[in-house]
Number of protein chains: 2
Amino acid sequence: MRHHGTTMLAAALALACAGLCTAMPARATDAPDATALRETANTLFGAIPHSVDEVRGQEITAAQVELGKSLWFEPRLSRSHVLSCNSCHNIATGGADNVPTSIGHGWQKGPRNSPTVLNAVLNVAQFWDGRAADLKEQAKGPVQASVEMNNTPGRVEATLRSMPAYVEAFARAFPGEDQPVSFENMARALEAFETTLVTPDSRFDRFLAGKGSLDATELRGLSLFIDKGCVACHSGPNFGGQAYYPFGVVERPGADVLPSGDKGRFAVTQTASDEYVFRAAPLRNVALTAPYFHSGQVWDLGQAVAIMGSAQLGHELDATEVQSITRFLQTLTGRQPQVANPVLPPSTSTTPRPE
Amino acid sequence: MRHHGTTMLAAALALACAGLCTAMPARATDAPDATALRETANTLFGAIPHSVDEVRGQEITAAQVELGKSLWFEPRLSRSHVLSCNSCHNIATGGADNVPTSIGHGWQKGPRNSPTVLNAVLNVAQFWDGRAADLKEQAKGPVQASVEMNNTPGRVEATLRSMPAYVEAFARAFPGEDQPVSFENMARALEAFETTLVTPDSRFDRFLAGKGSLDATELRGLSLFIDKGCVACHSGPNFGGQAYYPFGVVERPGADVLPSGDKGRFAVTQTASDEYVFRAAPLRNVALTAPYFHSGQVWDLGQAVAIMGSAQLGHELDATEVQSITRFLQTLTGRQPQVANPVLPPSTSTTPRPE
C-alpha cells in the first residue's frame with residue numbers, strides 16, 4: 001500500500017483544522033484550553049499501546065522474545081563478530097546510535113541516519129524509504145548489507161546451528177518446525193523482541209489519558225503542532241511513521257540537509273513523484289535521537305523544527321513557536337525499555353570465525 | 001611489586017608436588033581420590049569471592065556501581081560515539097570480544113587479545129603486561145588509546161559535564177568533592193562497577209565447597225593440572241593473573257602464536273629478562289573466551305592446553321591428558337553477571353559531537 005503525500009497532507013490538514021477551533025487561545029501567549037486540546041489530541045494521535053501481542057496476526061511467544069533478545073545483542077550475526085543490532089539501534093540511547101550515519105563493517109559509513117527501534121513496530125513499514133514491509137523483513141537487511149554487518153544468510157545459519165543453546169532456543173521459539181534454525185526465523189525472533197520495545201507513559205500520554213498535565217508552553221507547542229500542520233504527516237500513536245512525503249514539499253532544504261544523491265523512496269518505486277520522498281519520521285522519543293533527518297545533519301531539535309516549518313509547511317516559525325513546539329516534543333519521551341543483558345552461548349569448533 | 005617468573009615457578013611447583021602425593025591415582029585411567037583432591041585444590045586455588053566490597057581499602061558504594069554501569073555501556077566515552085567498554089569486554093560473551101585482537105577507532109586492530117573483565121578485580125595488575133596497577137588505572141588506557149576509543153580526558157570530562165544526569169550521578173557517587181565529574185572519577189566508577197563482575201558458583205567452586213562433584217575425567221584433569229605443573233602459574237582463586245612469566249619458558253612457540261614484535265612486559269620494565277614475559281592468563285571462564293593467548297591466534301582450548309604443555313612445562317601432553325585438562329577447565333565457567341542495560345542520558349547542545 002502506498003499513500004501519496006499531497007493527498008494525505010490535505011486530508012490531515014483538514015482534520016487538524018477541524019480539531020483546532022476549540023483549542024486555540026485568543027492570543028499567542030495565552031495557554032490553550034487543555035481540555036479541548038486533550039480531546040483533539042486523542043483524535044489525532046491516540047494512546048501508545050503498552051505492549052504488542054501479535055505480528056501479522058500471529059501471537060508472539062515468550063520463547064520468541066527471549067531468543068530475539070539474545071539475537072539482538074549477538075555480535076556473531078556480523079561477519080566481524082563485532083557488530084550487533086544494538087550497535088546501531090542502541091536501547092540505552094533512545095534505540096539509535098545518535099551519529100549522523102551508522103558505522104558498519106570496516107568502519108564504512110552507512111548512507112542514512114539510523115532510525116530508532118523504539119516503537120518501530122507501530123510504523124507502517126520500515127527503513128526511511130519503507131522498503132521493508134515489517135520488522136521481520138527489515139531485520140534481514142542490515143545483517144546482509146556490506147556496509148553494515150556484511151554477513152550472509154548461510155553463514156548466519158551455520159553460526160547459529162553451531163551452538164547447541166541456540167538450536168534449543170530456536171526449537172522452543174518455533175516448535176514443530178523441521179528446521180527451526182533459519183535466517184527467516186532469526187528475523188521472526190528479532191521482530192518478536194522488537195515488539196517489546198514500546199515506550200508508554202510519556203508525559204504526553206499521561207496528559208492524553210487525563211492523568212497528567214502539560215505546562216502552558218507545552219500546551220502551546222501541541223496547539224502549534226496541530227495548527228501549523230505538523231500533524232499532517234506526524235499523526236497517529238507514533239507521531240509519524242505512517243506514510244511517505246516529499247522532503248521539501250514547499251521549499252527544498254540545502255544539500256547539506258537533503259543530499260542530492262539520495263532520492264529516497266524513488267529507489268524503491270522508480271516513480272518520478274517519489275523523488276526525495278521519505279517516510280515521515282516517527283517523533284516518539286525524538287528528544288533522545290539527535291542528529292535528525294535521514295541525513296543526520298541537524299543536531300538541534302529546535303533547528304529541525306524550524307527546517308520542517310519552512311520546508312514542509314511554508315511557515316517561517318518564530319523563535320517562540322519553535323521553542324514551544326520543541327518543548328512539546330520533549331514530552332513524547334516515554335518510559336525506556338528495561339532490558340537485561342543476555343548471556344550468550346560460547347562459540348564451538350564449528351562456529352564460523354570472524355572475518 | 002614485581003614477581004620474577006622463575007622463582008615463583010619453582011615455589012609453586014614445589015607446592016603443587018606437595019599436594020599431589022595423596023591425590024594421584026595409581027593408573028592414568030583411575031579416578032583420582034576426590035576428597036584428597038578437593039583438599040589440595042582448596043589450598044592451591046581457594047574459593048572465588050561472591051562479591052568484592054572494597055578497592056584500595058575504600059568501600060564501594062551503590063552510587064559508584066550504578067554510575068560505573070552507565071559509563072561501562074557509554075559509547076560517548078569514545079571519540080566516535082560508537083565504542084564503549086562493553087564493545088571489547090562484552091559481558092554477554094564472557095567479558096571479552098572473542099576476536100583475535102579488538103577492533104577500535106577507524107576499524108584499527110589492537111595489538112593484543114582483549115582480556116576478560118570478569119573477575120579482573122582479582123588480578124594482581126591489569127593488561128597482559130601488568131602495566132596498570134589496578135582497574136582504575138586500566139580504565140584510563142583504552143579511552144585514550146588511538147587504536148581503541150581515541151579520546152582525551154578533557155573531551156571525556158566535557159562530554160560528561162554536558163549532561164545534567166551525569167553531573168548528578170557523579171555528585172552522588174563522589175559526595176563532598178569540589179569537582180566530582182572528572183576523568184579520575186570516571187575511572188573510579190568503572191572500577192567500582194567492574195568489581196561486581198565476579199562469577200562464583202562454577203561447578204569447580206561447588207566441588208571445592210563440597211557441594212558438588214566433578215566426573216572422573218574432570219577430576220583427572222584437575223589432578224593433571226596440578227601434577228603437570230600448570231598450577232605453577234595458574235593458581236589462586238582466579239587461576240592465574242597473579243604474576244608474570246616468560247611465554248615459552250621451556251620451548252618458545254612459533255611466531256604465529258608468539259609474534260616476535262610483541263616483547264610483553266619488557267615494554268614496561270625495559271629489563272632484558274622480561275622479554276616475552278606476560279601475566280599468566282586467569283583461567284576462570286576460559287571456555288567462553290576463545291581465541292587464546294595475547295596474540296589471540298589459537299581458537300581451540302585443547303590446542304591451547306597442548307601448547308602450554310610444551311612451551312611452559314616441556315611436556316608433550318597426550319590426547320587423553322589434553323582432553324581431561326580441557327574438560328576440567330570447562331568446570332571453571334561460573335555464574336555470569338546479570339546486568340540490566342542502563343538508560344543513558346541524552347546529549348545536549350554542549351556535548352562534543354562524534355568525530
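Note that Cβ sites are derived from N, Cα and C of the backbone, with glycine treated the same way.
Since this is a predicted model, take the numbers as computed values, not measurements.
Same-site candidate for heme c 2 binding, as annotated by TrEMBL with B:CYS230, B:CYS233, B:HIS234, chosen from B:MET163, B:MET308: B:MET308. Between the binding-site residues B:HIS89, B:HIS105, the minimum number of other C-beta atoms within 10 Å of a residue's C-beta occurs at B:HIS105. Taking DSSP states H, G and I as helix and E and B as strand, the domain 'Cytochrome c' (B:216-333) has 50 helix, 9 strand, 59 coil. The heme c 1-binding residues named in the record, B:CYS85, B:CYS88, B:HIS89, B:HIS105, extend over a maximum Cα to Cα distance of 15 Å.
Listed in sequence order, B:LEU71, B:TRP72, B:PHE73, B:GLU74, B:LEU77, B:VAL117, B:ALA139, B:PRO142, B:LEU190 are the same-chain residues at least 6 apart in sequence whose CB falls under 8 Å from the CB of B:CYS85 (heme c 1 binding site). Its own atom aside, the Cβ of B:CYS88 (heme c 1 binding site) has 25 Cβ atoms within 10 angstroms in the protein chains shown.
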